[in-house]
Structures are given as C-alpha cells and as structure tokens.
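S.K.: Positions annotated as domain 'ABC transmembrane type-1' by TrEMBL: A:232-448. For A:6-24, A:45-65, A:127-147, A:168-189, A:236-260, A:272-296, A:302-327, A:428-452, the entry in TrEMBL reads transmembrane segment.
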Ligand SMILES: Nc1ncnc2c1ncn2[C@@H]1O[C@H](COP(=O)(O)OP(=O)(O)OP(=O)(O)O)[C@@H](O)[C@H]1O
Ligand SMILES: [Mg+2]
C-alpha cells in the first residue's frame, strides 16, 4: 500500500514536471524571448519539486508515525481488565499477539477480546493507509496549483530550482551527520552505563579479562573480570604484526611501481593490487585459518617450537596482506605527488635512481607515507572478520606472536553473540570496548589525514 | 653586438659558418641525431659542434626540439618512456651513447639547469653538497664546506645566503633559487652546463644577474642555453643555433645569425614573422 502511495507521488511529480514545462514553453513562445527569465525545463523542475518533495516527506513521516499511533489507540481501546496492572513488556506481548492474530498467525485459540482488538487493528490500518493516499494527493494538488500559479515570464524558476537543489544537499548531509551523532551518543551512553557497574580504572588498567559471567541464576560461570589490558595488548600485537608485513611490502611495491617498473609491469601489477584490495575479509579469514595457521604450526613443530593453533602471527600476517594494497596505493600517491622536477634535478646531477629515491623522493614523500601507514594501523586495529576467524578468544597477557591472543573487535563480537541482555556488564562491556576502539581509530585517522593533507598543500 | 664590418666578414663565410670557430676545440659533437617519442619524430638529422668554454644559444619556435636536443647531451631522455635517440653524440671524442658509458658519470660531467628552479626541499647547504656527496668529491666536512662555499660564490649567491645555509632552499626567491640550482650544478665540477630557459620564470633583474653569471662561468665551463629571448641569446652567447620543426636550420656566430642570417626561416624568426 505504501508502495502504491509512493508510486503515485512519483507519477504526480512527473506529470507536474511535464505540466510546468509545457506552461513554461508557452510562456517562452508567447512573450518575446528576452523577457522570459528561465528556460521551460526549469519551470517544470520548479513545479515538480513543489509537488514531489512535500508529499514525499509527508509520506515518510506518515509511515514512521502510523505504527506507534495505532498501537497507542489499540492499547487504549483494550478492556481495562486486560491492561490493568500489566507491565510494559506484558502489554507489548499483548499487542504483538493481537498483531499476529490480525495477520492470521494463530498459535493458540485467541480470546474474543483479542479477536475484536485484532479486527479493530486491521480496520484502523486500512483507514490510515487510505488516509495517507488521500492526504498526499490533496497536498500535491494544492502544491501543484500554487506552483503553477507562480509561473510567469519574469518568474525566476532557475534560481528557485537552485534553492531546492541546495536544500536537498543540505538535507542529505544533515542525515549523515545526525546518524553519526546518534551512533556516537548511543555508544557513549551504553559505555557510561557500563562504567557505573565497573570502574573506569579497573577497565583501563586491570590485567584480567573474564567477561563470561552468569546471566541467569542456573548458569555456571565465573564472577567476571573486566580488565581490558590483555585485550588491548592482543590488539596491538596483531596490528603490529600486520604492519610488520604490510609496511615494507607496501612501500617497496609503491617505490617499484613509481620509479623502477616499466609501463607494462605497472599495467599488470596495479590491477592485481586492486584485486587484493577487493578480496572480502572473510576470504582472508579462511586463508588465515585453513592455510596459514596450520602451516605455521607445522613449521613450528618441525623446528621444535610450540605454536598455538590460532596464533597471533597467522591472524596478523594475513591481516598484513590485506593492508598491503592500502599502504602501497597511498605511498604511490605520495611519491607521485613529488614533482617530477625533483627527480629530474637529482638524476641530472648524476644520482642513480636509488640515490634519488632515498635522498630526494622518500624524504619529500615521507609525510604522505607516514599518513598512509597510520591509516593502515587504524584499519588493522578495527579489522574484525579476519581476527574473529583466526585469532583466539581467551585474553592472555602476552607479547609472544606464537601464542593465541584476542582483540577488541573479537571480544565485542563474542560478547554480543548468544544470550544477550542489555543490562549486564557482560554485554555493556562491548560498548565500552567499542568506545575505546572508536576513539583510537578516530585519533589515528584525524592525525593521518592531517599529515597527508598538509603534505599535499606543500607542492600545489 | 658588433659593427657592420664584422658582419661583412661573416657574409664571406656564409657557406661554411663553422669556419669562424675552427681554431676553437669542439667539446660536444653531434652527428645525424634523430629523436623519436614513440611514433613521433622530434628531431631530424641534427649535426652540430659545440665549442669549448663558450656559450652556445639554441633558439627557435616552441616545440621545435630545443629541449629535446639539450636532453640528448646528458641523456636525460633516457628517463622519458618511449623516447629513442639515434645517431652519435660525443663528448671530448667519447661516444656518450656507447654501451660501456656510465650514464651517472656522464651526468656528473654534463650538468643541467632547468626552466623552473627546482631546489630540493632541503637546506641550502644540502642542496649544494648533494652532488659532491653522491660522487664522493669531498674527503671530509671541511672539504665539503669549501666546495659549497666556492660553488655558491661562483653562482653569485654566497653573500646573500652565507648566514642561512641551514634554511630550506625552497624559501629563497625565484632568482636566488635558480642561482642555487646553478651552484648545485657547478658543485660537481661539470665540463658542460646545459640550461633550458633558465630565466623564463624570473623577473628582469634576476635575469640580468643570471646572464652576468653565465658570462662569468664561460671562462671555465662550456655552456649551452635554450632561450626564447632573442636579446638574451644576443647578450650572452657567442654562437647561436636556430631550430625549426625538428631541424637544425642554421648555426653560426651570434652576430652573424642576428645581423645576417643565411636562411630565410632564420630571418623570419628573428624579425618576428613567426614563432
Ligand atoms: N615527453 C614527451 N613525449 C612525447 N612527445 C614529446 C615529449 N617531449 C617533447 N615532445 C615533443 O617533441 C617536440 C619537441 O619538444 P621540445 O620540448 O624539445 O620543444 P622545445 O623546442 O623545447 O619547445 P619549447 O620552446 O616550448 O620548450 C614537440 O613536438 C613535443 O610535442
Ligand atoms: Mg623546451
């Protein structure tokens, strides 16, 4: 039904455009050309915007508000015997039972009261949907006649349309900003609730992380400990291993591509790097679990070193491979941004290409490269899928890359999987971890982008 | 420029304009040089002798191949993908395109100054010491200091920068930057210095300083300068070569080229009829 409503709006908008344009064309043909301000198309767009946009916004609001309002009516209309003394969740249950009955999903024989309520619910829904179409239509007709009445030779439809467009763009960016603010504030709010149960100092400096506490009385579990240091060190260890792989390989690849490779080699290597960048992280996860981890374990066995089945080095190494294209393309940009005249100046003095690279190009490109590496670190810290698949779950405080460690992202995932109830420290801990993760990656990104941008300005 | 009697003498030698310099030793000799950028040919059978310890100016309309030929002499064309050089160029009689030749050494012997000043984003001192360092020309800090000082002095920049050697070279004015680039080039004691429109990014005063400098450097270096300014060519050069559409049209003493060109195209160009 809502679909039809929006289809109707779309049709009306098109019709409004055509009408407006036709009117504009007649104005254009009637008056002498120099006096008409805007082209016919702008007249059409002006009318279409007036018809389409208010109706569309109205429709959206209607859809959002219709459900809750009907629910309120429904609850109010229930016999007091059913609602008296009921808690909010019992009423919710009741409402969803009514909705189920209305939708024809009957699990147990409903009481007559419920059947009656279900019928009312059906009816109100129908009324609301039709009302929406009627109201939208009315709005559109009013808007159409208003907009059409304004069309005139000197009417500045072109400028008016400009306003509409900029309004549209402002609206879109407001949506993006509002969403960001919403996400961050929910994160902060939940984390704050966690910190009312577990002191911040314990969370930030505690050395034991055992969040699997009992949610129900009949579960057997530990008392819980929320010292996140082992989780942080695990994250840092894996990110460090990843950067150990990604930084040199990425930078050297970039240097090779910029300075040494022939055009043909570049044409082959660049797409391959793009493929590497496009591999879904879950595939890297497979690769880490099924190929790399067993290989490292076997190799460790050969030389007599015990390697844990989900060693940090396997997860970190594969994550490093994932980050290579990222680093190499940013370093590539940084090196390419160094003006060619620097390179020519050095070569013309008789420097070899590698001397030119080390003494002139790399120092000049260094800020850009550092920025790229920092962005890579931020990705490594925030990466989830590979570590969920390949890293461990137990938070052990170690820096040995052959041991199993866990990361912030892994912990967030495991804390929120399964029986969840959003008022126990176990689940809320996930938000605290998420907040820390968010702050760290935010800082890294801001610093990195600053560096990259500052450096870009230097040569422009 | 000289008087009329001089140009009359030139006229007598028109058919063999090279006679003017027969006493002087040719430093660079090019024979039938053809240059291609991919499919496109940019230079056609260019043959030229460059006289030692003098200034030779290349003039000609835009796109005629002056820079291309200049880059052949220190093999900077090697760094351009798809650029092929055919023919022979020799420096002091050694073929610079011979497989056994070390390009790095060649470029130490043939320095280059670019159109746009391009100091490295390093200190003034490091800019000048860059070449001597990579070629191992100094045997210690004091020797390096001496090279830097003498190069800056010869480039006429020493007085202006001696108190700020550790400041970045990019912080100098355009004219100072260009003189820094000249100092950087002479610091490796090249035999030939190529200059591709070294003054085109500079104001008249800075240009005059560089022209003065070129005149002084002539005593020790063989200089080839590409310029779009006829006056500049007349002021600083002893010999002038006129290029047109990838062909070396005419080469001769500067006075002769400007007062009594033997080719119609040269005449048209210097009288401003095209280009
Ligand atoms: N890197 C290159 N790739 C392809 N063609 C080039 C390249 N450099 C120069 N050319 C071509 O070769 C010809 C000669 O160019 P060149 O730069 O030598 O001219 P020029 O005489 O120095 O001109 P200007 O006075 O404008 O500097 C031109 O037609 C130009 O288009
Ligand atoms: Mg040029």
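Positions of Cβ are set from backbone N, Cα and C atoms, glycine also.
A TrEMBL annotation is a machine prediction, not a hand-curated record.
Tell me what's around each of these sites.
M.R.: Listed by sequence, the residues of this chain that lie at least six past the ends of the transmembrane segment (A:45-65) yet keep a Cβ under 8 A from its Cβ atoms are 2, 5-6, 9-10, 12-14, 16-17, 19-20, 23, 128, 132, 135-136, 139-140, 143-144, 146-148, 150-151, 157, 160-161, 164, 168.
Residues of the same chain lying 6 or more positions beyond the ends of the transmembrane segment (A:127-147) and with a Cβ under 8 Å from any Cβ of it are 1-2, 4-5, 8-9, 12, 16, 19-20, 46-47, 50-51, 54-55, 58-59, 62-63, 66, 70.
Sequence-distant contacts of the transmembrane segment (A:302-327) (same chain, at least 6 residues past either end, Cβ-Cβ under 8 Å): 234, 237-247, 249-251, 253-254, 273-274, 276-277, 279, 281, 284-285, 287-289, 292-293, 296, 372-373, 375-376, 379-380, 383, 386-387, 390-392, 400-405.
Beyond the ends of the transmembrane segment (A:428-452), by six or more residues, the same chain brings 184, 187-188, 190-191, 193-195, 197-198, 203, 211, 226, 228, 231-232, 330, 334, 367-368, 370-372, 374-375, 377-378, 381-382, 408-409, 411-412, 415-416, 422 to within a C-beta distance below 8 angstroms of the stretch.
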S.K.: Residue list, the transmembrane segment (A:168-189) vs rest of chain: Cβ under 8 Å, 6 or more residues beyond ends.
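M.R.: For the transmembrane segment (A:168-189), the sequence-distant neighbours (Cβ-Cβ under 8 Å, at least 6 residues beyond its ends) are 53, 431, 434-435, 438.
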